[in-house]
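J.: Sharing a structure, written as structure tokens. Questions coming.
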Amino acid sequence: MKYNVAVVGATGMVGNKFLEILEERNFPIKNLYLFASKRSAGKNLTFKGKDFIVEELKEENIKNKEIDFALFSAGGSVSLQYAPIFSNYGITVIDNSSAWRMDPSIPLVVPEVNPEDINWNKGIIANPNCSTIQAVVALKPLYEKYGIKRIVYSTYQAVSGAGMGGFSDLKEGYNGTAPNKFPYPIAGNILPHIDVFTDNGYTKEEIKMINETQKILHNDDLRITATTARVPVFYGHSESINVELEKPFDLKDIFELYNDAENIILKDDIENLVYPMPIDCEGHDQVFIGRIRRDFSIENGLNLWVVADNIRKGAATNAVQIAEYIINQNK
Ligand code: A2P
């Protein structure tokens, strides 16, 4: 069986990656429809060697089409407005923005962690924040086997997470061009600031990591804190995760756990200087884990270094995996 698929925000950083990943994974597509803003209407994008014309996103351009899945990555306000419209036409929306993630009636899903939540969707499924996705993939095996008391996240996030604008701020910044997307230069710099600041001093990105982790692991009492920073890296978010487990553990069992886990690649051989780095993870769909070591300052403490391609597993791949899960359930 083949499906009609729409990509909303097709000209953007994640939109482009949706097309690449649908092609790579040979997603069973009957018809493909591409939507973006009015500015891009009429533009051509290639999929499987064929040209497709980008259409302006408006209800008129949707209502006469038969669409099964819509993959959205055109920002929060577009999702807030259009995801319900698509869903009213019976289209399953998988939304990469933060618009619907914390809505209790909408599942927030990472297929390696909580695929069962896909089953109660009512037409919209939210894709988590890029830094949350790779973190929960790493935490899930620990959570199941040992339980988790507390998590401390510190992130080192690539500029592509801020879309085309973030990418060009870094690229052009090295030539001395002033930034457009970020408030300060990112070339040769680190900004301890992702998304807007909230009243309690945290950024929205930090709050997203905390709230989304609790929602995905179905545990609102989980104690979590986070500091998120933008670093001059094009692709691949890195995260230091300090975790306090409920139960005692043997380090060698943690290594075994990760060796056996789905879509996790263990890269931890310090004698040979093997550890995950963004340049090695770019272009891959797995989550890479290394620098695994005991935190001696607390009981049952563990430190991890977790890296993944933020545009692939952190966004496009995760959304396509959700659609694949639905297709497999319906077989
Ligand atoms: P466009 O290229 O026409 O502006 P990124 O996050 O990489 O900047 O990409 C954002 C994506 O969202 C782009 O495809 C962009 O299209 C799309 N987009 C932005 N605003 C709208 C809108 N109002 N309606 C539809 N698509 C939009």
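A Cβ is built for glycine as well, from the same backbone N, Cα and C atoms used for every other residue.
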J.: Going by the NADP(+) site in TrEMBL, where THR11, GLY12, MET13, VAL14, ARG39, SER40, SER160, GLY161, PRO179 are listed, which of the candidates ASN272, ASN300, ASN303, ASN310 is also part of it?
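T.: Only hit among ASN272, ASN300, ASN303, ASN310 in TrEMBL's NADP(+) site, alongside THR11, GLY12, MET13, VAL14, ARG39, SER40, SER160, GLY161, PRO179: ASN310.
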J.: What binding-site residues in THR11, MET13, ARG39, ARG101, ARG230 place CB under 6 Å from ligand 1?
T.: THR11, MET13, ARG39
J.: Identify, among the binding-site residues THR11, GLN157, SER160, the residue whose Cβ has the fewest other Cβ atoms within 10 Å in this structure.
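T.: It is THR11 that, of the binding-site residues THR11, GLN157, SER160, has the fewest other Cβ atoms within 10 Å.
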J.: Neighbour count first, Cβ atoms within 10 Å, every protein chain included; then name which of MET13, CYS130 tops the list of recorded positions.
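T.: Output for this query is CYS130.
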J.: Which ones are near CYS130 (active site, acyl-thioester intermediate): of the recorded positions ARG39, ARG101, SER160, HIS237, which have a Cα within 10 Å?
T.: HIS237
J.: By a simple count of other Cβ atoms within 10 Å, which of ARG39, ARG101, ARG230, HIS237, the recorded positions in the record, is least packed?
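T.: The recorded positions ARG39, ARG101, ARG230, HIS237 were compared, and ARG39 has the fewest Cβ atoms within 10 Å.
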